[in-house]
Amino acid sequence: MKKKQQQHPGGGTDPWPHGAPVGGAPPCLGSCKRRIPLLPFLRFSLRDYGFCMATLLVFCLGSLFYQLSGGPPRFLLDLRQYLGNSTYLDDHGPPPSKVLPFPSQVVYNRVGKCGSRTVVLLLRILSEKHGFNLVTSDIHNKTRLTKNEQMELIKNISTAEQPYLFTRHVHFLNFSRFGGDQPVYINIIRDPVSRFLSNYFFRRFGDWRGEQNHMIRTPSMRQEERYLDINECILENYPECSNPRLFYIIPYFCGQHPRCREPGEWALERAKLNVNENFLLVGILEELEDVLLLLERFLPHYFKGVLSIYKDPEHRKLGNMTVTVRKTVPSPEAVQILYQRMRYEYEFYHYVREQFHLLKRKLGLKSRVSGPPVRPQFFIPTPLETEEPIDDEEQDDEKWLEDIYKR
C-alpha cells in the first residue's frame with residue numbers, strides 16, 4: 001500500500017516528509033513567496049522608543065512643575081547628587097572633589113537657646129570678611145506670623161541685596177507659597193531638656209554679660225516666679241513646664257500652619273519633611289565644631305574660616321559671656337516627666353541627630369561622640385495638651401554683639 005504524501009502548508013506535497021535535510025536550509029523550489037517579516041519588528045521598536053521619550057518628557061515636565069510649586073531649592077538637589085543616595089557602608093571613601101553651586105539666598109531661622117548668639121557673632125565677623133549681606137531683624141519674640149505678616153516678611157527678605165543670609169527667631173516660612181524663590185535653610189538644635197533648662201534659668205538670671213541682664217530681659221517677672229524651684233515647676237505642672245510650652249523645637253521646622261503648634265505626629269512628620277526638602281543642614285549644638293566644619297564645606301562663600309575664628313582665644317572669651325548662670329539640675333523624677341512631655345521633641349531630635357551623623361560619615365568625618373545616643377524611655381506618656389502656646393518670651397538683644405564687634 002502506498003503511503004500518502006504529507007501535504008505542505010502552502011499547498012502541494014512536502015518534498016521532505018521526514019524533515020529537511022541535515023546541513024542547512026532546503027533550496028528554494030520554484031518562486032519563493034515567503035519572506036522574514038522584519039518590518040513589524042522595526043515598527044515595534046519605533047513605537048517603544050516613542051513611548052519612552054514621551055514618558056521622559058512627562059517626567060521632566062512634572063519635575064519642573066514640582067520645582068516651581070515649592071520643591072527643594074536647586075542647590076539642595078545638586079548637593080544630594082553630590083553626596084549620592086547610598087549609605088556610608090556602601091561607599092569606599094569620601095566623594096570625589098566637586099565644585100557645588102553658590103546659593104545666594106540663605107535663611108537661618110534660629111531656634112532659641114541653641115547656640116544662636118554664638119553663631120550670630122561669628123556671622124557678623126564673617127559678613128565683614130567675605131562681603132555678604134547679613135540681614136537681621138529687630139523683632140525677636142514673634143515666631144508665628146499671620147498670612148499678611150508672612151507675605152510682608154518674605155517680600156522684605158527676597159528684595160534684600162544678594163548674596164544675603166537672613167537670621168531671626170521665626171518658624172519655617174514657605175517662600176514658594178507666596179511666589180518667592182525658596183532659599184536654602186540652615187539651623188541648629190540641641191537636646192530638648194537641656195534647651196528647656198537653659199531657657200528656664202536664662203529668663204530668670206540671664207548670663208555672664210551682666211548682673212542686671214535678667215532684670216532688663218524680664219522686668220515684669222515677680223520675685224516668687226523668678227525664684228520658683230525647677231522641680232516644683234515640673235512636678236506641679238506649671239504652664240511654663242508643661243505643654244504646649246515644651247513643644248518648642250518642632251514648630252521651627254514644621255512651619256506656620258496652626259497644627260504645627262499642636263504636639264503630635266502631624267507636626268512631627270511635617271517637620272521631618274521640611275528638614276529633608278528645604279534645609280541644607282540641621283546640626284546639633286553638642287557637636288558645634290562639626291556643624292561649623294560642614295557649613296564651611298557646603299557654604300564656603302559665607303563660612304570660610306569660621307572654625308579658626310571660633311577657636312580663637314578672644315572669641316572663646318566672648319563666647320563664655322553667653323553661658324546661662326545659676327542653672328541647677330532637676331531631680332530624676334522631674335527629668336523623667338519632662339521626657340514624657342517632650343516625647344515628640346525627642347523623636348525629632350534623634351531623627352535630626354542621625355541624619356547629621358549620616359552626613360558626616362558620607363563626607364568621611366568621624367563622629368566626636370562615642371556610642372549610640374541614649375533614647376529616653378517614655379513608658380506611659382501623659383496626655384499632650386493642644387491649646388494655643390504662649391508667645392516665646394526670649395528676646396535676643398543683639399546690641400551687645402555690635403558693641404563687642406566694634407572693639
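Glycine residues also receive a Cβ, built from the backbone N, Cα and C atoms like all the rest.
The active site annotation in Swiss-Prot covers His169. Feature annotation from Swiss-Prot assigns compositional bias 'Acidic residues' to 386-400. The feature N-linked glycosylation site is assigned by Swiss-Prot to Asn85, Asn141, Asn156, Asn174, Asn320, with sequence analysis given as support. Sequence annotations record features per position, and here Swiss-Prot assigns region 'Disordered' to 1-20, 386-407. For 1-49, the entry in Swiss-Prot reads topological domain 'Cytoplasmic'. Under the heading topological domain 'Lumenal', Swiss-Prot lists 71-407. If you look up Swiss-Prot, you'll see 50-70 marked as transmembrane segment, on the strength of sequence analysis.
If you draw a 10 Å sphere around the CB of Asn156 (N-linked glycosylation site), it holds 12 other CB atoms from the protein chains shown. Comparing the glycosylation sites Asn141, Asn174 by how many other C-beta atoms lie within 10 angstroms of each C-beta, the top residue is Asn174.
Between His169 (active site) and Asn141 (N-linked glycosylation site), the C-alpha separation comes to 7 Å. Across the structure, Asn156 (N-linked glycosylation site) and Asn174 (N-linked glycosylation site) place their CA atoms 14 angstrom apart. Note: the Cα of Asn174 (N-linked glycosylation site) and the Cα of Asn141 (N-linked glycosylation site) are spaced 20 Å from each other.
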